[in-house]
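Listed features, source Swiss-Prot:
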ACT_SITE  3  active site
BINDING   23, 25, 82  Mg(2+) binding site
ACT_SITE  38  active site, nucleophile
DISULFID  42-48  disulfide bond
C-alpha cells in the first residue's frame, strides 16, 4: 500500500513501483473534505506538503480505477482515506462523514454511473468519532446508493494520546457505529521509529484469528526496510503501508514468503478474514 499519496503526480509513481493500494490523507475545512494533504511532521525522506484538492484527487482516482479510461490500472484495488478529523467532536465528525459520502459519491463513484471500482477504507483517528461512520452510511442510503457500502470498510486508528484504545474499546466503537464486518485495523510507527516488540500488533492478530474476532484485516505502517517487512509478514499482517512498494515486492518474492503470500487482486474479498 503506497503511503501518503497526496498529489496526482504521485499516483502513477507508486503504481509503477508495484503498489496495489494507495493511502491518502484527507484534510477538512468546516467538516468538508477539502485537500489531500498530510503536512509536517511526516515520515523521514518524504515531502510532507504535497497536496491536491480533494474533488480533483477523487476524480483522478476514478480514472485510475475505472475500466475504459486511458489511466486505468487493473492492479489498483484499494483506497485508504486517512481522515484528519482528530480535532472534531462527535457531532462535527458526523457532518464530516455526511460530506465525505457526498463527495465520494459525486467525484469518485460518479453517482454510481461507471464510477471507480476500487474498494475503500475510511480510517478514522479517534474511536469517539463513531458518528462519522453513521453519517457516511446514512447519506449513501438516503441518496439511494446503499449498494456502494458493499465496497466500503472502516478503521479506527486512535487516538494515540493519552494512550491507544484497547481492542475491546475499539470493538465497542464499531458497535456504536453500527459496523459488523468490513473492519480493518491499523497499527504501526513512523519509518524512523524503533521497531519495538510489535506487542499490540500481535495482540490484534490473535484477536483477528480467534473464533469471536471482530477484525477482518490488519495492516502495518510505515514499513520501508526489508527486515521490518519480513517481521510483519511472519507475524501475520494482511497489508503493509510503505514508502517503497518495490521493497515489499522484493520481500514477497523471497524464499519463505513467495509460497505463502502474494499481492491481492480485485477478485480477493477485502472483508473476508484470511484462513477462516
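Glycine too: its Cβ is placed from the backbone N, Cα and C atoms.
Sequence features, as recorded in Swiss-Prot, placed on the structure.
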residue	record	Cβ contacts under 8 Å, 6 or more apart
3	active site	23, 43, 46, 221, 222, 241, 242, 243
25	Mg(2+) binding site	4, 6, 36, 37, 38, 82, 84
42	disulfide bond	4, 48, 190
Greatest C-beta neighbour count within 10 angstroms, which of the recorded positions 23, 48: 23
Cβ-Cβ neighbours of residue 82 (Mg(2+) binding site) (radius 10 Å): 25
Beyond the site residues 23, 25, 82: chain residues whose C-beta lies within 8 Å of the centroid, for Mg(2+): 3, 4, 5, 6, 24, 26, 38, 80, 81, 123
